[in-house]
């Protein structure tokens, strides 16, 4: 009995390293099993919410202890956030989730100034963090021990498809004047000339997405929430906040013709947004998330400079990877087009091997905007004057997962 107890204690104290495992993100060639320990202090007598505004976790990476600091992404959901799906006979059903705790966080690693993190704490810790310049993924292991998590480098995930992933936007590059040195300095977004802007966002998951996730709306919901949480992290340096005001799942059938021709699908989706969605859902921008395989290497398409326009404030995104970060980066890229950003040319730099806006999406994920993207956005604001992103959305510190039954409202 004593020997068994000692073994259990050792497993909890020291990470286990494995050579290969199949995880949600795919086949992983090298990983560690870790046991994150929550170390957030709670004042004596205080009522502890399920998901605090700030949390800290300790665990080991490569044998070295790390402390992950997390802060809740307040304002991730608007106060009037809604979800819509369709009954088998085609009736539109909209729910308004109760306003309570949510479990999506941004964060950093202690003593690493360049670290970042985007984490879901809904069921264990799931997401990604940057540590000492390398991207790591973390997710709970489906073991009897509910505290066990896998941590692994992004580069150790076997790629499902070696073909390059591309944006379908075509653009003629312009030569840019040298960017002011303010972009290289440790200045606030306001000091760099980025006024606070708010984008009220609707995500639509098409019928193929519903089929891909076996009609499990919870999985689709969590997948989308993680995407938008990461998008907020990416756009924080530009002082842009994305508030999710609606999630619509085409659970019965597609409401437009979704084809492998991305330009046709984008045009149809833009028309549908103008004639249907805008009539019943207040929002600034809509993105279609589809499980169709677009022709060629295209995984996304959007209208350049279309933000706040009735038809053109849209994009279409292929759900092309089992790694949530990669799909989030694709959507962040297409939203960049909506905000006036062109593709990066060779003269564009962000201090990393790749940036957010290349025409060919890099196999080294980057959440940094180039100097060119920053200038494009700064030019877009006064020239296009997008009024819809000026207003602060109805926001709340927290939001919940949907409830059923008496919260169903037929439109």
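One-based numbering along the chain as shown.
Each Cβ is built from the backbone N, Cα and C atoms, and glycine gets one as well.
Database features (Swiss-Prot):
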{"type": "SIGNAL", "residues": "1-20", "note": "signal peptide"}
{"type": "DOMAIN", "residues": "197-393", "note": "domain 'Peptidase M12B'"}
{"type": "BINDING", "residues": "200, 284, 388, 391", "note": "Ca(2+) 1 binding site"}
{"type": "DISULFID", "residues": "308-388", "note": "disulfide bond"}
{"type": "BINDING", "residues": "333, 337, 343", "note": "Zn(2+) binding site"}
{"type": "ACT_SITE", "residues": "334", "note": "active site"}
{"type": "DISULFID", "residues": "348-372", "note": "disulfide bond"}
{"type": "DISULFID", "residues": "350-355", "note": "disulfide bond"}
{"type": "BINDING", "residues": "403, 406, 408, 410", "note": "Ca(2+) 2 binding site"}
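Everything Swiss-Prot records as a feature, shown here on the structure.
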residue: 284; record: Ca(2+) 1 binding site; DSSP class: coil
residue: 308; record: disulfide bond; DSSP class: coil
residue: 333; record: Zn(2+) binding site; DSSP class: helix
residue: 350; record: disulfide bond; DSSP class: coil
residue: 355; record: disulfide bond; DSSP class: coil
residue: 372; record: disulfide bond; DSSP class: helix
residue: 388; record: Ca(2+) 1 binding site; DSSP class: helix
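Residue 348 (disulfide bond): 22 other CB atoms within 10 A of its CB, across all protein chains. Residues 167, 169, 300, 302, 304, 334, 336, 341, 342, 356, 357, 359 surround the recorded Zn(2+) site, their Cβ atoms falling within 8 Å of the Cβ centroid of 333, 337, 343, which are themselves excluded. Each of 198, 199, 282, 283, 285, 308, 389, 390, 393 belongs to the same chain as 200, 284, 388, 391, is absent from that list, and has a C-beta within 8 angstroms of the C-beta centroid marking the Ca(2+) 1 site.
Between the alpha carbons (Cα) of residue 333 (Zn(2+) binding site) and residue 200 (Ca(2+) 1 binding site) lies a span of roughly 17 Å. Spatial neighbours are here defined as Cα atoms within 10 angstroms of one another, and by that definition the neighbours of residue 308 (disulfide bond) among the recorded positions 284, 334, 337, 355, 388, 391 are 284, 388.
If you measure from the Cα atom of residue 348 (disulfide bond) to that of residue 337 (Zn(2+) binding site), you get 16 Å. All protein chains shown were included, and the count of other CB atoms within 10 Å of the CB of residue 200 (Ca(2+) 1 binding site) stands at 25. Taking only the Cα positions, the spacing between residue 388 (Ca(2+) 1 binding site) and residue 337 (Zn(2+) binding site) is 16 angstrom. Per-residue confidence over the domain 'Peptidase M12B' (197-393) averages out at a pLDDT of 96. In the three-state DSSP scheme, residue 200 (Ca(2+) 1 binding site) falls into the strand class.
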